[in-house]
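Below is one structure, written out as structure tokens; the observations come after it.
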């Protein structure tokens, strides 16, 4: 059976009232360089990825889910619920581990509240509580959690709950009258948000405001459970990757969410980005050590951009049907849909095609084996499904584990962006030959006149220590290229984040000529970019401005 992930396909309106923590919440502190690197376990045939978290005085295995935001674990006496009919079924039909939460001295039940999170396949309900939570050796006191007594089957066989790494707007605490367990709309429309565990960590200065994720594929000996990768809290996951392949994508407001679910505000809800294009080619025409090109026989592409949610709780890539149909036809033998099981059946020994996802001027290719997933009993499914409508009547595309196995992914709350680098053991990376997008790894490139509209991104200069020295994001370039008139003499603001740079290094960046137009430009510091209090280095966050001295023509 395929579990289609935990994604919160219903994006709720909220009262936007933060749950007030009890008085012993840790105070805000200056950011430190402390971070943590956690092991991730691949479970349920590597369709679910788990890690350990300590809640109170117990350690639990929980699913790592970037598509939701709440942290919850099972409590004693929990009930297994059929997610479709909402009827109780035997507890053994929910494939969780054996651990359940037992009250600790630091537990504080929120008497007038209750927990109710809505997922795409069912709801998880229970008590709302404050409890001390430790993740990767980092403790947050009196974190709001859910103690679940009723849930559908989200288990991996070893875990006892879910830990969401999404934005606070998707958290689901409730106060007042309790709704019917299956009333998803009421749960979505009447909820109160709070800061989830990782948000509390970075706001208290315990970690930097970003995390990284590197997911593994199973080895031949790891059929059900095995080493699943790494989760880095303010640290890069320790995997080998192509340092020149970084692509930066801003997190976007997800299109199509009914206004009632966000109080008619434009707000980031999920880790949503724009996919700039998709490429594919038959497997027989591409060696495993190379990537497809426009000259590859059978090469196909779709250059229509679309939004997608990057979701570690979703084993599949859910993409527009017109793309899925083309790619499924290139499997050898082809994938077919079984209406009874509602599964896109693939032969376990079939040859999948090559598939590439274009993000910010880079095409990230999948290893062929990542396009097939085992569903048990010796049968397999495609890891690619067409996007369908959710219970809200809205379609959402997803880049799930099939994609994430091929990249080192960074999810950055501080800058509302995601960064991706090609894994050395992934499917490879290339530039899109069929695109007119220009790409540069240098701050000294010179697009001219109308060519500026094709200058898609200035790529980041990256320090091996894992910190960004100078990062110029794609959205800032969009500020330059969007418009009807030339930028003659105008100030152009570009977001930059610098870590521990010396005064000499600052001067070198100040003096660098960007040359983004026919005329010369220069970087001018705006904010405190120099050392303070006699220190030679410090963490710096600032903004730079670029002055274009000459007209660059209409774009």
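Glycine is treated like the rest: Cβ placed from N, Cα and C.
Now, the feature entries from TrEMBL:
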- 1-21: signal peptide (SIGNAL)
- 49-421: domain 'Peptidase A1' (DOMAIN)
- 65: active site (ACT_SITE)
- 311: active site (ACT_SITE)
Legend entry - residue 65 (active site): secondary structure state under DSSP, collapsed to three categories: strand
Legend entry - residue 311 (active site) versus residue 65 (active site) - Cα distance in angstrom: 7
Inset, instruction - Just name the most isolated of the active-site residues 65, 311, going by other Cβ atoms within 10 Å of its Cβ. - result: 65
Legend entry - Whole-number mean of pLDDT values that fall within the domain 'Peptidase A1' (49-421): 91
Inset, instruction - Using DSSP with the three-state reduction, classify residue 311 (active site) as helix, strand or coil. - result: coil
